[in-house]
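Working notes, beginning with the structure itself.
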């Protein structure tokens, strides 16, 4: 749809948003800047969040807002001159799986990919990546410079989102009080402070594939995969065909459907990927990284790791990539990567 004019007031913008009109990139940027500067009242902010959710986000809006948030998050030291990958999902699939993308991060790192994992605690009953990693001994309060430097020494790091985006802290109570998912759930995966050149991003709804892929393309990534998993997962699933958007710089975004058998993996129902409470998810993640998990747990991590190897340019044949990931998992090498990161972040707190 046509964007609303840029000279109108916030109430006029809201009115046209409620009529289904998209924001222009400049208006989306202005809205995010106003939120960060606390220029809008809580009522206005809640109305805009609800209006954007009801209308549905488009790539231009997501990319513009993400660019503002990226600019509001300066690094505490120089960015390492490394090609990096992030692996994450938007959440919201309600499937209560174990922490698949977290396992993928350490598996990919064990295969030589530099992984900058951006994550948070759970916003619902599901155990978030930060929750499970903290439970396994990772220091979430490590100095930010140490977090950045860790990727150079270990090949993997974990950026705990609240430590990097303090400007969003004031919005957190309002978002919680709304009780529904908002644009910020979509922006989280787009605002990794280290700005990786490649990314695997999972979405729980098929209608988010194109907006998120378009946003990643506009943000200038070299390669990315946006995946909507069979059964509604926000990562590749073993339950059937998974719908992908393949993003490559300078090329049209491509659609691909990939099933587990395409990668030489066995199909499995979603129940085989279930997690549980924090203790359950810690145990499953440790077992996966040590190569002691169930075949389905190993296979789903291998599937998603194959996508990481593709975006990183390490292995462009997904079947071969999945085989490499499976071998690495069975050797228990990803567990060593987690231990390496634990040691790198073990000292110090705060900035």
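The first residue you see is number 1, and the count goes up from there.
Every residue gets a Cβ built from N, Cα and C, even glycine.
Feature annotations, courtesy of Swiss-Prot:
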- 89, 92-93, 97, 99-102, 117-125, 129: 5-phospho-alpha-D-ribose 1-diphosphate binding site (BINDING)
- 89, 120: anthranilate 1 binding site (BINDING)
- 101, 235: Mg(2+) 1 binding site (BINDING)
- 175: anthranilate 2 binding site (BINDING)
- 234, 235: Mg(2+) 2 binding site (BINDING)
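For residue 101 (5-phospho-alpha-D-ribose 1-diphosphate binding site), the spatially nearest entry among the binding-site residues 120, 175, 235 is 235, judged by CA separation. Counting every protein chain shown, the number of other Cβ atoms lying within 10 Å of the Cβ of residue 234 (Mg(2+) 2 binding site) is 26. Within 10 Å of the C-beta of residue 121 (5-phospho-alpha-D-ribose 1-diphosphate binding site) there are 16 other C-beta atoms, taking all protein chains into account. Rounded to a whole value, the Cα-Cα separation of residue 121 (5-phospho-alpha-D-ribose 1-diphosphate binding site) and residue 175 (anthranilate 2 binding site) is 15 Å.
All chains included, 25 other C-beta atoms sit within 10 angstroms of the C-beta of residue 101 (5-phospho-alpha-D-ribose 1-diphosphate binding site). Annotated pair residue 235 (Mg(2+) 1 binding site) and residue 89 (5-phospho-alpha-D-ribose 1-diphosphate binding site), C-alpha to C-alpha distance, rounded: 7 Å.
Residue 118 (5-phospho-alpha-D-ribose 1-diphosphate binding site) sits 20 Å from the residue listed as 'anthranilate 2 binding site', taking the CA atoms of both as reference points. Residues within less than 8 Å, Cβ to Cβ, of residue 97 (5-phospho-alpha-D-ribose 1-diphosphate binding site) and separated from it by at least 6 positions along the same chain comprise 233, 235, 270, 273, 274, 275. Neighbour list (residue 120 (anthranilate 1 binding site), Cβ cut-off 8 Å, at least 6 residues apart, same chain): 128, 129, 130, 160, 161, 162, 188.
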